[in-house]
Structure formats: structure tokens, C-alpha cells
């Protein structure tokens, strides 16, 4: 293990003998710390690469181990190895029959593939490195080799152009050789079906991290992952076991939950025969009016408010919804939207302290509640019955911005349910307003534009057709903050537009106009002038510089616009704890073979990439849908070299 950093333009001095006149001297004296014998010198990098092709296996293994050693946290050496054509030789050694040779070669590739230089990853791909790693994985039987193989694949998976290569060549091997056998899950449950993943936790963490990354590629990748026999079942089994052992903050749980979150993205559209679950938007006649919230009676505790309450008799759609009875247990991708996985997310929201896991759990709920589909309706109701609304609302006070944004998105989709909307309006509006910029009561955090817009969109969803929530907004300095966003001149156009929609919704309630005017507000305060009139909103565009004020008594045929966050590419080189959505954290711990970040995803020098979203994408009928980001494994230190 290297004890200290060296300048990036220097190589580590390491005890490898130089090949002279066809003979090799013993490394034993140097390995024991003795003085180097006469005529010894540090080998040059081209010489080390040449030794990879030497006829003696011991020389090959030592040369590979030395390259692994040199590449540890040294980007210059990695680049030089690539330029000197060392990568194809290392890939070729993966098929070598002796473990010390293919293990050393794989360790070198793992370190070379880690870091910002994406050309190294591409070079490994271009010489068929992924199929070679898969062949080695299928032959591997010991944990140390499997850990290095899966760590290398994890590093490679952070590059967009390699993700489908991994899906096509490595998915079934990773599932059949690692995830299923070492999770403890069995296709035919028995009394002996017990968690046994603890010993192989680092290997499972690498594998889940790799699959987590490739699941962010595109719909075809997610489809193949969802339909991979046993994958979803084993992932859920692992997370349930970790929760049962009170270990809900581990990196393994994080990677598994982030993967499940990605697999839930667009699930209502992408699963086989998705049309059978689609539902038409509720008709105007069945929609609750702005006074629906007034049906509540005496005060109740917060959890009870979030789980119970007298339901409006005029709206039968607010009845408690139970999941349909099944004649056989759910399997595979169907588990993604069953009660058991919903309970997993609820448990993690209540028990985990890892911001990456909190964000992923809230994001999965947001995804499952997106769209007009049967299970989305079931899940919105189930989360209310399980008293999860309060747990999600509590995340609005979390110190991590990405958690706040995920909670806001989840609440917005949950508010599509009329009963949820009432409860969210009563208990979450104060914290939503507090997170807006300006005013005397504001969050200590300076939220980004995307988070502020998300919060404003959630507020607008909650107060629409909900007079009591609109009153609560007025009581909690919401009007002051909204007008300040409009008139301060230092907020972005997206923020101004989102605030304008909320102000428009508030002014639409005739019952609030006189109280607002008594407080000194004028109609002009609820009209927002914009510099750029164009507004991309589904197929509609607004040419007026002032958004129209709509009377809430005049029902529109259109549902409120809701933006949908599209999946986009994740770059492994854009990362930071301050990038609200990064998933992983890289630690500067030199005493570990695989440095795992401590903090969706999440951070120390982060190796994950922030979630990228396409701005301006909005849809009239879709709720927010989110995808999770990439993560990358860490480099490994050099093992002891063998004596020749």
C-alpha cells in the first residue's frame, strides 16, 4: 500500500528487476527493504509493458502488478500506458490460465479505468475488454478475483458509450454469477433461503454499482435489466435483509436502491403490455372542488392526519384503494410496483441517514406515482395508508438540497390524489414556503434554480382546487415570497414563470381576493411581466408578455402543466458534493483496496455524476418522473509482488 502521494509526473519507485541479458535477479532483498544490488535501476514504463509479453509467467504477473501499482491515483501513468499500447496486452492476459497473471492484469485495468480520462475506458472497450472480463468472471470462483472484475466493470460503466456493451455482454453473467448466488435469494423459496451476502458485500456493491450506472443509459437498457430473470427479486431480497439487520445506510443498499429507482423510471410506459394499466384522466364531474379540504373536523396528530381523515362523500375516487389480489406471487419487474417494494422505500425514508438513499427512495416514489396508471393510483393511496406522507414531508427540512428536491417532486406526484392533496396542503405547505428564497422565514440553504422551480411547481399542484391549502400559503408568508421572486429582478426566468403560475392560481380564488386586498395586495401583484415571452409548454406557447389571470370558478379543460424530467447522459467526470444529485463519494483513504465514497449518490471527492435533466420539457398529462445518476468505483492499491 502506498503511504503518501507523489507528484503526478513521477513514477513510484518499486522493486521490479530489470531484464538484462536474458536473466532476472531476485526481488527478495528489495521486497525486504534491503539495498538494491549493483546494476539495478528503476525500469522504464515501456520496459514494464514489454515484460507483460515475457515467456515466464512470474514476469508477466509481476509486470502486471507493477503497472497496477504505478497507475494507482496517477493519471499521467494511465495515459502513458494507453499511448504505449499496454491496454490490449493487459486485456489479452485476462484469458491467461494462471490466476496470478489474470488477477494482476485485471487489477491494472481496474486502476487504468478509474478516473477522469475517458479515453482509457474507450481503449479497454475497443479491444474487447468487456467480453474478456465477462469470460473471466464466469470462470472465477474466489472472492478477491471477482471483486476486482466487478470493480473494473463498475468503473467502465460510468462511460455512456460502454453502458450498452455491458448490458449486452455482462448483464446475465453479473446476475447469474454474482447477484443471485451471493444474495441468498432463491428462485424456489425454502426454509434455508436466508441472507448470505455479508461476506460478499464488496462484490455485490461493485455489481450493483455497475448495473446502477448502465440503467441510466436508455429505455432499452432498463427493459433488459427489468426482464433479466431474478435480478429485481434478488435486489429487493438484499435490501430487505439489510433493513432487517438495521444496516440501512450501507453503500450496498445505496446502489441497490438507486438501481431500483432507475428501473422505476417510466415503468408505467416501458413494461410489457403497459397499456393494460393505463387510465383516463378523471373527468371534471369527478374532480373535487376548491372547498374539498373543509370537510375535516377536529385537530389530530400529524401522522394521523397523514393517514386518516374523513373522506369527501362527493368524490368516490377518494376511497381507500387496496392492491389487487394475486393468484401467484409477483416476480421480476412486477415487484417494482408491488406493496413490498413500497414498504421498503417507506422504511428507508424513516430509518436511513444516507442522503443518497433518501433521495433515491423519494425519487422511486416519485417515479411510481408518475403517470395515469392503475398502480400509480394504488401506490398514492398506499403511501397515505402507511403514514408515509409525513415522512416525505419531513425531508423538506433535510440539510441536503438534492433530498429536498426529491421530496418536493414526490409530494407533487402524490398530490394528484385528492386526499393526499388535502393532507399535504395542511402539513407540507409551511416547509415548502420556507424553502423559497426571500422573506424573514427562509431556509438557511441557498437552493439552486431547479430546486426552487420544483418547489414552486409542487406548491401550485397542491393549492390547485384546494382553497384551504391556498389559505395556508397566504398565512405562511407565501404571497410575500412569490411577489418578491417576481419583482426582485435577481431570479431566473424559470423561477419567475413558476412563481407566476402560483400567483395566478391564488388570485383565481374569489374568496381570497378581498382578504388579499385588505392586506394591501393589488391585482397587478399577481400579474407577471416576462422579458422573453416564448414558453415551451408541451404543444402550447404563450405570446403575451403577461400571464393571464384565470378565475378559479371557470374550470379549464386542460390539466395543469407538469414538466417531465427526461433521462440524459451522465458523465463520470462531473461531480461534487455540491452537485445536488451526485451519487457517490470518493474518499482519500489509502488503506483500502476499494475506496468507497461515504456520502443519489453521494460525495467526498465525488466520483458520481450529477443528475442531468432536459430543461423546458413539459407535458400536460405527465407528473414528474426522475432518473438516477452514475457512480464509479475506486482504484485499488498494488498487492505484494511474487518472488521470482
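Heads up, the Cβ atoms here are built off N, Cα and C, so glycines get one too.
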> Between 286-305, 306-325, 326-345, which stretch does TrEMBL give the note region 'Disordered'?
Replying inline: 306-325
>> Tell me if the repeat 'ARM' (387-424) touches the repeat 'ARM' (128-171). I count contact as 3 or more CB pairs below 8 A, with pairs 6 or more residues apart.
In response: no
>> I'd like the per-state residue tally for the repeat 'ARM' (85-122) from DSSP, helix first, then strand, then coil.
In response: 27 helix, 0 strand, 11 coil
